[in-house]
Amino acid sequence: MAGEIQRIGVLTSGGDAPGMNAAVRAVVRKGIFHGLTIFGIHRGYEGLIHGELQEMSIGSVADIVLRGGTVLKTARSEEMKTPAGQKKAFEQLQKRQIDALVVIGGDGSFRGAQTLAAQGVRIIGIPGTIDNDIAGTDLTIGFDTAVNTVVDAVSKIRDTASSHDRTFIVEVMGRNCGNIALQAGLACGAESILVPEIPYDLDEISNKLKRGHQRGKNHSIILVSEGVGSAFKVGEELRARSGFETRITVLGHLQRGGNPSALDAVIAAAMGGKAVQSLLDQETNRMTAYINQTVISRPLDDAYGTRRPLNRELYDLANELSI
Ligand code: ATP
């Protein structure tokens, strides 16, 4: 598939994230602006394998820029992990003479894209996941919105916690990455933040709760990243150590929903535009990345190899501020 591209496919894959629609819109509109034909692929790789592709018009992405979720739908596809599935996916693209694919999703979705690149499709990855767990970019689409959602929820929980003199343990998403817990915890002044990247000491947390209580503090909030384990278990252990009543809230999927924040919508639009520009510039095997407040294109391989580091300085500061 050498030469100039004419036809681009776009799909969303893995977990949905607020802002994905703004990225889809940007790919469709910038592509059409430059005279390309854009196909929307429904339900990620699962839909691609089963031929669920549709040409997108300018109007097909009207009114979605600030809508949460993904209008293209998303899915996880076990078949795409097999050589037979990858061949079927490639054949569906070939059938419609699609020369390039923009994949919006997490690193699993990027791996799927690389199997198509190996068959000659030009690919660009756009990092879209609330977890902010992809190396090579400061932010992924959806993270900022999810952090804002957690902060909003925790501020409501704090109201009831202070009325009842209670310790609340709030479990947040992030898979193996503590970024949501760290950013939201710092933003809302959580008393402790438990993340999978850094060992924690429940005796020390319990002592901190007791010290706070002695100072007259009547409530505490502890944020637990899901990668640490169950918030219920943390709650039980803290109650056993401190004697304080604990209440547990698992925020769950509400963290995935809602309109994207302005920051996510802007990053998503810029990444969608950059993805198309990359393809117009004959690039392939690239990802879009947000670095120092600028969206750039860089090798897709930069998403792998290293684990995204947690900002240790911010983590230490959060501990210092919650003495
Ligand atoms: P999120 O971080 O939001 O979960 P993700 O893209 O990492 O997003 P995954 O479930 O890991 O989510 O991957 C999405 C899809 O990408 C999988 O269902 C599968 O179809 C495809 N995929 C993942 N890994 C591979 C792989 N090694 N080879 C081929 N396809 C893959």
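Note that Cβ sites are derived from N, Cα and C of the backbone, with glycine treated the same way.
Taken from TrEMBL, the feature active site, proton acceptor covers Asp131. The ADP binding site annotation in TrEMBL covers Arg25, Ala26, Val27, Val28, Arg29, Arg158, Gly189, Ala190, Glu191, Arg215, Lys217, Asn218, His219. What TrEMBL records for Asp107 is Mg(2+) binding site. Among the features that TrEMBL reports, substrate binding site is placed at Thr129, Ile130, Asp131, Arg166, Met173, Gly174, Arg175, Glu226, Arg247, His253, Leu254, Gln255, Arg256.
Overlay of TrEMBL annotations on the structure.
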| residue | record | DSSP class |
| --- | --- | --- |
| Arg25 | ADP binding site | helix |
| Thr129 | substrate binding site | coil |
| Met173 | substrate binding site | coil |
| Gly189 | ADP binding site | coil |
| His219 | ADP binding site | coil |
| Leu254 | substrate binding site | helix |
Which has the fewest other Cβ atoms within 10 Å: Met173, Leu254, the binding-site residues listed?
Leu254
Distance, Glu191 (ADP binding site) to Arg175 (substrate binding site) (CA atoms, angstrom):
21
Helix, strand or coil at the residue listed as 'Mg(2+) binding site', per DSSP?
helix
Ligand 1 is in the model; which of the binding-site residues Thr129, Lys217, His219 have a C-beta less than 6 angstroms from one of its atoms?
Thr129
Glu191 (ADP binding site) to Met173 (substrate binding site): how many Å between their Cα atoms?
18
Between His219 (ADP binding site) and Asp131 (active site, proton acceptor), how many Å separate their Cα atoms?
28
How far apart, in angstrom, are the most distant Cα atoms among the substrate-binding residues Thr129, Ile130, Asp131, Arg166, Met173, Gly174, Arg175, Glu226, Arg247, His253, Leu254, Gln255, Arg256?
33
Using all protein chains in view, find how many other C-beta atoms are within 10 Å of the C-beta of Thr129 (substrate binding site).
28
